[in-house]
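Student: Quick one: this structure, given as structure tokens, is what I'll be asking you about.
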Amino acid sequence: MSIIVFGSINIDLVATSPRLPVAGETLLGYDFFPAPGGKGANQAVALARLGIPTQMVGRVGADSFGKELISNLQATGVQTEHVFIDETVSSGVALITVDVKGENQIVVVPGANGRVNHEDVERLSYLLPRSTALLLQFEIPMSAVVAAASLAQQAGVKVILDPAPVQVNVPDELYQLVDIITPNEVEASQLVGFPVNDSESAAEATAVLLQRGVKCAIAKLGAKGVFCATNESSFFIPAFPVQAIDTVAAGDAFNGGLVAALFEKLSLREAVIWGAAAGALATTIRGAQPSLPNRMTFDTFVKQYLRH
């Protein structure tokens, strides 16, 4: 059995600066580096680094970035047989600015990710019978996300949705196809229409998402922790204390840790703890995929937490 990630594959072009620029402003930066990214690819790598068999389904362009992105996925252990090379468009690119506090701004040019279509969804049908979960995000067309979620539900495969970048007009039918939704504060706020910035507002937001049809809603509150709710119960997990320097892939790491725990048949509470731990570790290293923890680092970190 394995996990399927259906989503974006990008090259991240990362610049560090003293603070995030305002409109019309030019800042001198400290550093620049390219790194493989894309929310889909990040989550696939997060899972593979934790030792979980992972299949990536998506698209790259027929350019040097595309070749590099596929090679990188393969090097981390992700299966790429169902990554399609599209000769009509460039690979996806994310332009990322990170300030000294680790906060970031991101502009994504979809490229090949924007061409994901029914042909890519059909590739999922071959993988779903041998999979336990499907991870989705919003960096590919919404029509493909909904179609993939529908196929997964029909196959009895759990659907985990990271609603990023957030879309205001999410189809009602998608909520009803989702087993677990994992928005951060900004995404949760935009999905429900009111500010989400603490456990109390997170409880209200997750209740709204449950009413829309999801089976489990998890609000990621950054350094404040994680709030999780189902129709039966809810709980709060405090954030792991770390010195954050770059939050760019923390959400992707969270989903990797969460789904890895579920793959290993741990409880929902344990899975949220795993997600919080993986997300915290990812903030301590610069870059998206370079920050995603391997299993040895992750296990050591979690054991130290459980001792306390």
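Even glycines carry a Cβ here, placed using N, Cα and C.
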Student: Name the residue, out of ASN184, ASN231, that TrEMBL lists for the same ATP site as LYS220, LEU221, GLY222, ALA223, LYS224, GLY225, GLY251, ASP252, please.
Tutor: ASN184
Student: ASN10, ILE11, ASP12, GLY38, LYS39, GLY40, ALA41, ASN42, ASP252 bind substrate in TrEMBL, but which of GLU122, GLU139 does that record place at the same site?
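Tutor: Site partner of ASN10, ILE11, ASP12, GLY38, LYS39, GLY40, ALA41, ASN42, ASP252 for substrate, according to TrEMBL: GLU139.
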Student: DSSP three-state call for ASP12 (substrate binding site): helix, strand or coil?
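Tutor: ASP12 (substrate binding site) sits in a strand per DSSP.
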Student: Out of the binding-site residues listed (LEU221, GLY225, ASP252), which are within 10 Å of ALA41 (substrate binding site), Cα to Cα?
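Tutor: The binding-site residues passing the 10 Å Cα test are ASP252.
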Student: Taking the Cβ of ASN184 (ATP binding site) as the centre, count every other Cβ atom within 10 Å, in any protein chain shown.
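Tutor: There are 23 such Cβ atoms around ASN184 (ATP binding site).
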Student: Measure from the CA atom of ALA223 (ATP binding site) to the CA atom of LYS39 (substrate binding site) and give the result in Å, rounded to a whole number.
Tutor: 20
Student: Fewest other Cβ atoms within 10 Å: which of the binding-site residues ALA41, LEU221, ALA223 wins that one? Let me know.
Tutor: ALA223
Student: Using C-alpha atoms only, work out the spacing between GLY225 (ATP binding site) and GLU139 (substrate binding site) and round it to an integer in Å.
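Tutor: Approximately 25 Å lies between the Cα of GLY225 (ATP binding site) and that of GLU139 (substrate binding site).
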Student: Tell me, how many other CB atoms lie within 10 A of the CB of ASP12 (substrate binding site), whichever protein chain they belong to?
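Tutor: If we count other Cβ atoms within 10 Å of ASP12 (substrate binding site), we arrive at 25.
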